[in-house]
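S.K.: The domain 'Cytidyltransferase-like' annotation in TrEMBL covers 24-144.
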Amino acid sequence: MVYSLITLTSKMKRVILLNVKRVITYGTFDLLHYGHINLLKRAKALGDYLIVALSTDEFNWNEKQKKCYFSYEKRKQLLEAIRYVDLVIPEENWDQKKTDVKEYHVDTFVIGDDWKGKFDFLKELCEVVYLERTPEISTTQIKADLNKKKD
(Lines of atoms letter the chains of each structure in order from A and count residues from 1; the text may use other names and numbers.)
(Lines give C-alpha, C1' and ligand atoms only; values in the text may rest on other atoms or scores of the structure.)
Protein backbone atom coordinates (compact mmCIF):
# COMPACT_ATOMS: atom_id res chain seq x y z
CA MET A 1 0.00 0.00 0.00
CA VAL A 2 1.50 3.36 -0.99
CA TYR A 3 0.62 6.53 0.88
CA SER A 4 1.65 10.00 -0.06
CA LEU A 5 3.15 12.21 2.59
CA ILE A 6 0.29 14.62 1.97
CA THR A 7 -2.18 12.23 3.63
CA LEU A 8 -0.09 11.88 6.79
CA THR A 9 0.10 14.34 9.65
CA SER A 10 3.04 16.71 9.71
CA LYS A 11 4.29 14.81 12.76
CA MET A 12 4.32 11.54 10.79
CA LYS A 13 6.05 13.24 7.86
CA ARG A 14 8.95 14.17 10.13
CA VAL A 15 9.16 10.60 11.41
CA ILE A 16 9.31 9.10 7.91
CA LEU A 17 11.86 11.66 6.80
CA LEU A 18 14.06 11.06 9.84
CA ASN A 19 13.88 7.29 9.35
CA VAL A 20 13.47 6.60 13.07
CA LYS A 21 12.41 3.32 14.66
CA ARG A 22 8.61 3.30 15.02
CA VAL A 23 6.77 1.34 17.71
CA ILE A 24 3.01 0.75 17.95
CA THR A 25 0.84 -0.48 20.80
CA TYR A 26 -2.90 -0.92 21.25
CA GLY A 27 -5.28 -0.49 24.14
CA THR A 28 -8.32 1.09 25.71
CA PHE A 29 -6.42 3.01 28.41
CA ASP A 30 -9.55 3.73 30.45
CA LEU A 31 -8.93 4.76 34.06
CA LEU A 32 -5.29 5.44 33.26
CA HIS A 33 -2.96 3.99 35.92
CA TYR A 34 0.72 3.32 36.57
CA GLY A 35 0.56 -0.03 34.76
CA HIS A 36 -0.40 1.84 31.59
CA ILE A 37 2.45 4.30 32.12
CA ASN A 38 4.92 1.42 32.61
CA LEU A 39 3.74 -0.18 29.36
CA LEU A 40 4.07 3.09 27.43
CA LYS A 41 7.51 3.82 28.90
CA ARG A 42 8.82 0.34 28.04
CA ALA A 43 7.26 0.47 24.56
CA LYS A 44 8.88 3.85 23.87
CA ALA A 45 12.25 2.47 25.03
CA LEU A 46 12.09 -0.02 22.12
CA GLY A 47 12.19 2.75 19.53
CA ASP A 48 12.17 6.46 18.80
CA TYR A 49 8.52 7.15 18.00
CA LEU A 50 5.56 5.60 19.84
CA ILE A 51 2.16 5.30 18.19
CA VAL A 52 -0.77 4.34 20.41
CA ALA A 53 -3.83 2.87 18.71
CA LEU A 54 -6.64 3.75 21.11
CA SER A 55 -9.86 1.72 21.06
CA THR A 56 -12.82 3.88 20.06
CA ASP A 57 -15.99 3.92 22.15
CA GLU A 58 -17.87 2.15 19.35
CA PHE A 59 -15.24 -0.58 19.05
CA ASN A 60 -15.23 -1.13 22.82
CA TRP A 61 -19.01 -1.41 22.95
CA ASN A 62 -19.72 -3.32 19.72
CA GLU A 63 -16.77 -5.73 19.80
CA LYS A 64 -15.79 -6.00 23.46
CA GLN A 65 -19.14 -5.23 25.14
CA LYS A 66 -17.31 -2.71 27.36
CA LYS A 67 -18.41 0.79 28.23
CA CYS A 68 -15.56 3.10 29.07
CA TYR A 69 -15.67 5.55 31.94
CA PHE A 70 -13.92 8.18 29.83
CA SER A 71 -14.87 8.91 26.22
CA TYR A 72 -12.45 8.26 23.37
CA GLU A 73 -11.66 11.98 23.09
CA LYS A 74 -10.87 12.30 26.80
CA ARG A 75 -8.72 9.13 26.77
CA LYS A 76 -6.93 10.45 23.67
CA GLN A 77 -6.28 13.76 25.41
CA LEU A 78 -4.78 11.95 28.42
CA LEU A 79 -2.50 9.84 26.22
CA GLU A 80 -1.34 12.84 24.19
CA ALA A 81 -0.22 14.49 27.44
CA ILE A 82 2.14 11.60 28.26
CA ARG A 83 5.72 12.27 27.22
CA TYR A 84 6.28 8.74 25.89
CA VAL A 85 3.43 9.00 23.37
CA ASP A 86 4.10 10.65 20.01
CA LEU A 87 0.88 9.92 18.12
CA VAL A 88 -2.57 8.57 19.02
CA ILE A 89 -4.68 6.92 16.30
CA PRO A 90 -8.11 5.25 16.58
CA GLU A 91 -8.46 1.49 16.85
CA GLU A 92 -11.78 0.76 15.16
CA ASN A 93 -11.66 -3.00 14.52
CA TRP A 94 -9.71 -6.15 15.36
CA ASP A 95 -8.30 -6.51 11.85
CA GLN A 96 -6.62 -3.14 11.37
CA LYS A 97 -3.29 -4.06 12.97
CA LYS A 98 -1.71 -5.34 9.77
CA THR A 99 -2.85 -2.22 7.90
CA ASP A 100 -1.54 0.08 10.65
CA VAL A 101 1.87 -1.62 10.66
CA LYS A 102 2.15 -1.02 6.91
CA GLU A 103 0.63 2.48 6.85
CA TYR A 104 2.75 3.85 9.68
CA HIS A 105 5.92 1.95 8.67
CA VAL A 106 6.08 0.27 12.08
CA ASP A 107 9.26 -1.53 13.10
CA THR A 108 8.01 -2.99 16.40
CA PHE A 109 4.53 -4.06 17.54
CA VAL A 110 4.20 -4.10 21.35
CA ILE A 111 1.39 -5.47 23.49
CA GLY A 112 0.93 -6.98 26.96
CA ASP A 113 1.91 -10.60 27.49
CA ASP A 114 -1.72 -11.50 28.22
CA TRP A 115 -1.98 -11.54 24.38
CA LYS A 116 1.10 -13.79 23.95
CA GLY A 117 1.08 -15.54 20.57
CA LYS A 118 -2.07 -13.81 19.29
CA PHE A 119 -0.18 -11.37 17.07
CA ASP A 120 2.64 -13.57 15.83
CA PHE A 121 1.14 -13.24 12.32
CA LEU A 122 2.61 -9.71 12.29
CA LYS A 123 6.17 -11.09 12.52
CA GLU A 124 6.27 -11.19 8.71
CA LEU A 125 6.00 -7.37 8.77
CA CYS A 126 7.75 -6.24 11.96
CA GLU A 127 9.20 -7.32 15.27
CA VAL A 128 6.51 -8.43 17.78
CA VAL A 129 7.16 -7.91 21.50
CA TYR A 130 4.93 -9.12 24.34
CA LEU A 131 5.68 -7.07 27.46
CA GLU A 132 5.04 -8.44 30.93
CA ARG A 133 2.12 -6.72 32.62
CA THR A 134 2.72 -4.63 35.72
CA PRO A 135 1.78 -6.88 38.65
CA GLU A 136 -1.11 -6.05 40.97
CA ILE A 137 -2.72 -3.37 38.79
CA SER A 138 -5.34 -3.40 36.06
CA THR A 139 -8.35 -1.33 35.11
CA THR A 140 -10.53 -4.38 35.76
CA GLN A 141 -9.11 -4.65 39.29
CA ILE A 142 -9.59 -0.92 39.95
CA LYS A 143 -13.25 -1.14 38.88
CA ALA A 144 -13.78 -4.24 41.06
CA ASP A 145 -12.17 -2.54 44.07
CA LEU A 146 -14.29 0.59 43.61
CA ASN A 147 -17.46 -1.51 43.36
CA LYS A 148 -16.55 -3.33 46.61
CA LYS A 149 -16.19 -0.01 48.43
CA LYS A 150 -19.73 0.96 47.40
CA ASP A 151 -21.20 -2.15 49.07
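Numbers run from 1 along the shown chain.
Each residue, glycine too, has its Cβ placed from N, Cα and C.
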S.K.: With DSSP as the reference, give the number of residues of the domain 'Cytidyltransferase-like' (24-144) in helix, strand and coil.
M.R.: 52 helix, 26 strand, 43 coil
S.K.: Which whole number is the mean pLDDT over the domain 'Cytidyltransferase-like' (24-144)?
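M.R.: Value for the domain 'Cytidyltransferase-like' (24-144), mean pLDDT as a whole number: 94.
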